[in-house]
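Chemist: Got a structure for you, questions after.
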Protein chains: 2
Amino acid sequence: MNHHITLIGLGTIGISMAALHLRNSTSTLHLFDTRPDLQAYIESTLPPFLSPDTPSVTSLLSTGRLIIHSSLESAIKPATIIQEQGPETPTFKQTLWKQVESLASKNAHFWTSTSGIPASVQMEGMSGKTRLLVVHPFNPPHIMPLIELVPAPTTTASEVDFAREYFSSLGSGHRPVVVKKEVPGFVGNRLAFALLREACHLVKEGVVSAPDLDTILMASLGPRWAVNGVFESYQAGGGEGGIGSFLGKLEGTIQHVWDDLGKIDMEGDNEWREEVVRQTDEAYGVSMGDKARVKEEKLRKVLDVQNENIE
Amino acid sequence: MNHHITLIGLGTIGISMAALHLRNSTSTLHLFDTRPDLQAYIESTLPPFLSPDTPSVTSLLSTGRLIIHSSLESAIKPATIIQEQGPETPTFKQTLWKQVESLASKNAHFWTSTSGIPASVQMEGMSGKTRLLVVHPFNPPHIMPLIELVPAPTTTASEVDFAREYFSSLGSGHRPVVVKKEVPGFVGNRLAFALLREACHLVKEGVVSAPDLDTILMASLGPRWAVNGVFESYQAGGGEGGIGSFLGKLEGTIQHVWDDLGKIDMEGDNEWREEVVRQTDEAYGVSMGDKARVKEEKLRKVLDVQNENIE
């Protein structure tokens with residue numbers, strides 16, 4: 001099906017999302033952002049995200065697959081899907097969706113790429129509360145397969161199904177997963193921040209340096225979790241008894257570690273933050289430079305390994 | 001340098017360690033375990049861990065590169081390195097090291113593969129407290145690159161250097177990292193258990209199913225951390241301002257998540273454990289079967305990607 005997808009907000013995530021849709025669907029893309037130089041900006045930032053077999057931006061613009069709009073109204077009118085990647089404040093989102101609702105066709109699907117503001121909060125000023133859901137990608141969206149679908153309690157199941165079907169059928173390897181409750185950070189970032197808190201605590205306590213902790217993660221859990229999830233890993237680790245046997249054998253050690261986990265906070269005594277920043281800056285520098293391209297290629301290769309069929 | 005390495009305890013970790021030494025060094029391996037059928041056991045369990053270009057177990061035995069001992073005394077006497085993978089109880093370790101100390105050459109290096117009992121506890125009955133350190137591999141040791149070196153406060157720096165040098169120079173891609181304090185779980189398992197706790201909490205709360213959580217991890221953090229550590233990832237995620245800017249922008253969200261992280265325990269109300277076990281068993285079954293081989297090959301390929309030189 002050929003959709004008309006309107007993207008509102010074209011920062012890094014928006015540009016990457018535009019590339020994802022252009023590379024893997026035949027939909028028409030409508031772009032809107034309040035920056036004044038939008039066309040020049042799109043022409044310079046989008047090309048590196050496109051694959052070699054995607055038409056050039058000039059060609060996409062001239063054939064009408066890509067349309068740059070100068071008003072929100074003209075961008076919304078033709079849309080069958082409206083996806084926003086705007087500023088991460090409740091006020092911005094609430095104001096935007098109220099406007100969108102008044103301009104959009106009554107069957108248009110409403111998606112927000114937010115990483116933290118639940119759909120139920122964003123829809124506060126809307127008169128209909130059934131269409132909007134969170135469609136949270138992981139950075140960079142055109143490569144990373146995860147799409148977290150987080151409906152508000154009032155979002156209809158058919159909207160969730162529609163978004164899941166859309167991303168599953170792109171052929172891009174994206175893996176939409178439904179998160180059933182609107183918890184802070186959804187699931188991916190909660191897991192990441194749980195580990196980050198302990199990582200910062202260990203650096204703070206001088207147990208290990210920031211780059212040594214990165215080496216530990218890359219030499220163990222990263223590759224393991226690229227191949228097996230955490231539950232499947234421990235299912236295997238428990239032998240014939242599976243994860244039940246694993247938890248049984250290690251319950252003492254696990255509880256001992258849980259009781260000892262760091263409880264640092266972002267506010268209050270902030271010395272750990274300075275130390276983490278200092279060690280990280282010193283280890284990696286502040287400019288990624290050419291490393292970013294190499295890392296991106298490695299990420300693609302790891303994802304290829306995940307999808308490989310091994311007999 | 002040709003070492004005489006004595007391995008005490010030949011469960012899965014011991015067998016995999018034997019393979020690591022045999023595949024990547026020219027050392028002589030001495031094996032001791034209290035199981036009565038040791039030779040037959042070694043002949044049947046070791047071969048799958050050896051690479052195609054390693055001599056067969058029969059040949060290793062006949063040329064004297066592999067020696068199976070029937071007494072602790074004869075196994076210890078010739079050793080330059082003694083490494084134990086015995087039962088994970090303080091009493092076993094303390095009794096063993098006391099015996100080992102009385103039998104070993106005075107320059108022999110003492111390594112314990114424990115995942116949880118600090119060297120300072122294991123050495124309690126020893127008269128010398130300078131030689132023993134934790135050399136903690138990640139499962140499976142012959143593939144997974146991480147080796148956590150955790151000295152007791154009394155272990156000499158030269159013992160740490162010796163172990164680091166040994167594993168760095170194997171050419172096997174192993175990455176020894178020094179953990180500077182004897183914290184519960186060391187570093188790798190602390191990070192794993194911090195994430196596991198939140199993963200179990202989210203399943204308990206019905207936010208996501210166990211297999212869906214695994215999909216989320218494999219579609220986002222696993223591949224990311226296979227390519228970049230957690231600090232390096234956020235250094236990149238912060239753009240020109242690095243991790244300092246990342247933490248600054250997201251401090252509210254991160255703190256919100258930290259305050260909301262699950263505080264489940266292994267004891268007390270255990271319903272979450274049953275639910276996690278039930279969902280994991282249902283999703284993956286209890287027998288890995290042929291999947292284990294496929295997963296191992298994928299793990300090797302992910303590690304190959306890490307080591308690849310990309311121009």
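For all residues, glycine too, the Cβ spot is worked out from N, Cα and C.
Relevant sequence annotations retrieved from TrEMBL are reproduced here:
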type	residues	note
SIGNAL	B:1-18	signal peptide
DOMAIN	B:5-181	domain '3-hydroxyacyl-CoA dehydrogenase NAD binding'
SITE	B:H136	site 'Important for catalytic activity'
DOMAIN	B:185-238	domain '3-hydroxyacyl-CoA dehydrogenase C-terminal'
Chemist: Roughly where does the domain '3-hydroxyacyl-CoA dehydrogenase C-terminal' (B:185-238) sit in mean pLDDT, to the nearest integer?
Modeler: 97
Chemist: What is the total of other Cβ atoms whose distance to the Cβ of B:H136 (site 'Important for catalytic activity') is within 10 Å?
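Modeler: There are 25 of them.
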Chemist: For B:H136 (site 'Important for catalytic activity'), what is the secondary structure state per DSSP, taken as helix, strand or coil?
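Modeler: Going by the DSSP assignment, B:H136 (site 'Important for catalytic activity') falls within a strand, counted as strand.
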Chemist: How many helix, strand and coil residues does the domain '3-hydroxyacyl-CoA dehydrogenase C-terminal' (B:185-238) contain under DSSP?
Modeler: 41 helix, 0 strand, 13 coil
